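These notes concern the structure reproduced below.
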Amino acid sequence: MADAVTPTPLLKDELDIVIPTIRNLDFLEMWRPFFQQYHLIIVQDGDPAKTIKVPEGFDYELYNRNDINRILGPKASCISFKDSACRCFGYLVSKKKYVFTIDDDCFVATEPSGKKINALEQHIKNLLCPSTPFFFNTLYDPYRGGADFVRGYPFSLREGVPTAVSHGLWLNIPDYDAPTQLVKPLERNTRYVDAVMTIPKGTLFPMCGMNLAFNRELIGPAMYFGLMGDGQPIGRYDDMWAGWCTKVICDHLGLGVKTGLPYIYHSKASNPFVNLKKEYKGIYWQEELIPFFQSVALPKDCNTVQKCYIELSKQVRAKLSKVDDYFVKLADAMVTWIEAWDELNPSSADLSNGSSK
């Protein structure tokens, strides 16, 4: 019975839902009770001549490749084509404090009790409550009802830090790479773990973009999903790239990243053979990329996300260009992305010039 009641939307005027797609958005019908009162930004990938149908009653703006080229001009080169990485254009044009992004093959999941999960509400709770990256609490999230800081947890750290990213998980089809998909074609995640935890400082993680929310004001300029897909030697590493860059910058600026709840139901596995073609260079490269990100040091004067990101682009160019020339192109795109961000978000550009400090 409770599921039939439309919940009072939290942060209704402060949050955009960003959806990348190549198809009609029938999946929104299932999300209607949870999404209808929010503003949607739909980024259409592929052929801009194709008409994408959106169910009646949703407040949305839709951008295709022609719109991206018109709005960004020459800077549109930093937005990927024929890859879900195009979603970060939505982050660029959003004017809201928070962003939730979801894939169009993600459905409403249910708790073991049978209650439908309001993923967006849980993400908002995660983002509005502090993180504890500097000291691990063995009872997971200490701010949650029925939990607290355990004995031995330093009182000086119990205030926590602002949460920049909320990373949700998936029931049914797990987020596997192609080799794992190939050897475990029938594996499904049926395990619902009722927990949220802060990822510790200095620890990287594989960020999945299909069920993700973040504080755009705190970390938006680092949420660049890279150069992937059409014309690029790699795909399916867009969210990974954004996750590594974001985590390094969050650690430097003293911000938190949470993972765990909420779950969505991931309905269909992509083709492992197609995925392998997109991923295989990334599978090799990640063995050098991870040590690179683990060793990144950002100078003290990098006191904004933009400054951190530009510094990161320099280190990518200097150190990863020996892995492949692609990383020179990616470093250039990282700079273009920040220029586009500052152009479309002038108040955030002022902050990056240090006027707030």
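Just so it is clear, glycine is given a Cβ too, placed from its N, Cα and C backbone atoms.
The annotation N-linked glycosylation site is assigned in TrEMBL to ARG151. Here TrEMBL flags ARG151, ARG158 as site 'Required for activity'.
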* Pick from ARG151, ARG158: which of these recorded positions has the biggest number of other Cβ atoms within 10 Å of its Cβ? -> ARG158
* Whole-number Å distance between the CA of ARG151 (N-linked glycosylation site) and the CA of ARG158 (site 'Required for activity')? -> 12
